[in-house]
Amino acid sequence: MSPKVQALLLLVGLITFLAVHAEEELSETVESERSCAKEYQWCDWNTRPCCDNISCICSWIGTNCECKKGIIRTIKDWYKGK
């Protein structure tokens with residue numbers, strides 16, 4: 001086989017491998033994102049809790065819930081460099 005054909009086959013194989021690997025990672029990410037809400041995303045105590053032990057804060061009538069860190073946690077994360 002000529003070097004050009006070998007290079008083309010190597011390139012196609014590499015692209016196929018990377019595409020399969022990317023699809024696996026994407027499905028893992030999507031599944032974990034469904035399970036909890038990140039900071040400043042909507043949340044619900046029963047169906048969609050907040051990630052990383054962040055509090056789910058709601059308005060006084062129990063609607064418009066959002067994941068928010070408290071002031072102590074915000075300062076702690078800032079100090080740690082997160």
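Residue 1 is the first one shown; counting continues down the chain.
Cβ coordinates come from backbone N, Cα and C, glycine included.
Here Swiss-Prot flags 1-22 as signal peptide, drawing on sequence analysis. Swiss-Prot lists Cys36-Cys51, Cys43-Cys56, Cys50-Cys67, Cys58-Cys65 with the feature disulfide bond.
Per-site Cβ counts within 10 Å over the disulfide-bonded residues Cys36, Cys50, Cys51, Cys58, Cys65 peak at Cys50. The least crowded of the disulfide-bonded residues Cys43, Cys56, judged by other CB atoms within 10 A of its own CB, is Cys56. Separation of the C-alpha atoms of Cys65 (disulfide bond) and Cys50 (disulfide bond): 10 Å, rounded to the nearest whole number.
Cys65 (disulfide bond) falls within neither a helix nor a strand when secondary structure is assigned with DSSP, and so counts as coil. Cβ neighbour count for Cys67 (disulfide bond): 21 (other Cβ atoms within 10 Å of its Cβ, all protein chains included). Looking at Cys58 (disulfide bond) and Cys36 (disulfide bond), their Cα atoms lie 16 Å from each other. Cys36 (disulfide bond) has Cys50 as its nearest neighbour among the disulfide-bonded residues Cys43, Cys50, Cys56, Cys67, going by CA to CA distance.
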